Amino acid sequence: MGPKRAQRSAAKQKVEVPTTLAENASNGEQTVKYMNANEHAQVLVQVPVGVAQVGDRTVVNATVLQGIRDLFEEIIQKNFVVNDPQGVAVVKPMHMPVPVEIPTYWEMLSLMRDLDIETFNGGTDPVKAYNWRNMMESKFKSMRTRFKYSLEKPHHPLDPLTSHEIKRVRTILSGHDPGFGSGSSIINAMALDEPEKQRIVRWKKGDRHPPRRAEVLAMSNGESHVLTVDLKSGRVVSDLVNPTFGYPILTMNDIVAASQVPFKSVEFNRSIEARGILFSDLICITPSAGWFGPDEEGRRVIKIQCFSKKDTVNFYMRPIEGLYLTVDMDKLEIIKIVDNGPVPVPKSTGTEYRHGFLNETVHIDRVNPMSMEQPDGPSFKVEDGYLVKWANWNFHIKPDQRAGMIISQASVRDSKTGEARSVMYKGFASELYVPYMDPEEGWYSKAFMDAGEFGLGPTSMPLVPLNDCPRNAYYIDGIFASPKGDPILQPNMICLFERYAGDTSWRHSEILLPGTNIRESRAKVTLVARMACSVGNYDYTFDWEFQMDGLIRVTVAASGMLMVKGTPYTNVQDLGEKEADSGPLISENVIGVVHDHFITFHLDIDIDEPANNSFVKVHLEKQRLPPGESRRKSYLKVKKYLAKTEKDAQIKLSMYDPYEFHLVNPTRRSRLGNPAGYKLVPGANAASLLDHDDPPQIRGAFTNNQIWVTRYNRSEQWAGGLLMYQSRGEDTLQVWSNRDRSIEKEDIVLWYTLGFHHVPCQEDFPIMPTIAASFELKPVNFFESNPILGITPFFEKDLQVC
């Protein structure tokens, strides 16, 4: 069932959708057509008029049609892209569904499908409309349950701001600064200002909630503001102006407005015409500018790069190389145009990637559809919208505008004692740093900080049932604030599901004992929390996976399109040394530029309690044996080193100098005297090779080490700093750690950077197969013995026969 909606106006009449619609189809031959209010969208909806009443059920009438029209105007998803007359991609964000007592959007879509009515006629872009319709229909068919928008009251102190609270903040800000009411002041980001940690740790269900506050990052009169808004008192209790060098996260308004600026330039238009490119085939994107010294300080700037979308939706593979622009975002004027002359635009042939549009023969045998069946339904529960309970795990999950997804208060129940024990207070992706390795004009600035510059929440896309998430997944929507302070819905932003891939939790067979035939095996079932975002050309999927043995696995998977560079050459034999330095030739006239991905995670690990946690480096040291002492000549010895200060915990990983990394509570010990703890288990990784004085690396100094441990500070959450856009690296994890505070028996935070170098290849064209990297948080002497010894095996009789 879709979200509950209250009445929009007295004129709207309540309508119920009949259980069976087929019997009404013959009565609905007449149709009404109308255009969406957005003059560029051209979304045509056909709905039957005068559908007969069935019993007491009114199906569709003119009043309902107007309600549907209103819904469609507000619920055009942000990935439904339309073109303005100049050909620049314009994105209309989805607003929070206003409550109306007519069939919900989902019910209406189902009605149209059952009556065999085309929901969209295609408008300006039939391909996108077709995909949009298919995605919505697939989502409706497979949806198990949805977040209820009637839950406008937070049930937990960490619950995200509700739509009502977002509107309340907007009203309070308008009273504080009239610019927020007039639109001259812009809200860049709004999130819950979380209460003090100790209050959250002590809070139990039924207790009074701490005061609800919002943190707002905003731009007003060219200045950055960090505001704290108290929802109960209705006051702005703090307004910090330019607290650090840098600007807040970009808004969609910034991006759309900047992308249209080039068309006002005679010089730009001449450059496009000289290349023989039609303006109707042009699409421009807005890479962030980074920071490269004082000449661009004092104003918000952004870069512009354009592509040809002629005969393809994969415009990323058709760059208009050699033409680069820099734009002042506040004045909306061009600062600089660089035109190095035409470079051949790569052909569109072979760039298609959508199912149903591929013309070439695929010599792969079809794999039959599959899904994991759960006859008794999923084993997990989601209470009050955001509290997840599964097996022996409890945790709070919420969408976040910057981090995308935040896991809080993760605790695991000891299978022997029944005690729920704290493992992690808070975990999230703090920054996503992607530097490209081309120093030329138009490319040197491409060193993106995706979380702090664009946000992983606003760039999240609805997860597609059966492909992004399996059957029986549970979906959670995000609600964020628009630049004007209106609630914006990010549907199906997070999914929760149980995973079983045929793996085992543990097993053993024994044949050495006479008269016995022991075969014991237990299936491994895990719980996955997933979100995905499309930050420009790249798509990232974030998984937090929980195992019954207490392990947490975090995986980041990357797919999407490469950021490519146009070249005159079509064969590697023709490439000069300079061109080859940028990256390999992956298709005719297309160079895949070498780049890195670094995802830094904030992991506030609390073993049993916030305080009294320490970081221990467990060194595996080679020992050489004296001659004649043993037939062996060497062995490994384990030696433990307690990190006393933050600099002791600045760690670069090395295969030839191996360590284990333990976070322990020395006051909580096992029956054998071992301190309870968890260890960080790194997976495949990569280190930044940029010089520390290179401007992108100054801003990305949090990748100078793979592991950091800092003393807990409520303000230290974002590894690159609170105000990331055009920052100078003055407020990074490196700066905080260099304060060298004590971390022995303290409340400490573990930071881990997962990274990989990407040297593109032809298999990455036109869309990249998914690559993934992960790390684990694993119990070490946390339990007295194997905590999953007693889990129940699966039996055939318990499963459904299909």
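Start at 1 and count along the chain as shown; that gives each residue its number.
The backbone N, Cα and C atoms fix where each Cβ goes, and this holds for glycine too.
Where the annotation comes from TrEMBL, it is an automatic prediction and has not been curated.
These features come from TrEMBL:
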{"type": "ACT_SITE", "residues": "Y538", "note": "active site, schiff-base intermediate with substrate"}
{"type": "DOMAIN", "residues": "156-238", "note": "domain 'Copper amine oxidase N2-terminal'"}
{"type": "DOMAIN", "residues": "248-341", "note": "domain 'Copper amine oxidase N3-terminal'"}
{"type": "DOMAIN", "residues": "371-788", "note": "domain 'Copper amine oxidase catalytic'"}
{"type": "MOD_RES", "residues": "Y538", "note": "2',4',5'-topaquinone"}
Under 8 Å by Cβ from Y538 (active site, schiff-base intermediate with substrate), counting only residues of that chain that are 6 or more apart: V434, D450, A558, S559, G560, M561, M563
Model confidence over the domain 'Copper amine oxidase catalytic' (371-788) (mean pLDDT, whole number): 96
Residues of the domain 'Copper amine oxidase N2-terminal' (156-238) by DSSP state, where helix covers H, G and I: 25 helix, 28 strand, 30 coil
Summary of DSSP states over the domain 'Copper amine oxidase N3-terminal' (248-341), given as helix, strand and coil counts: 31 helix, 27 strand, 36 coil
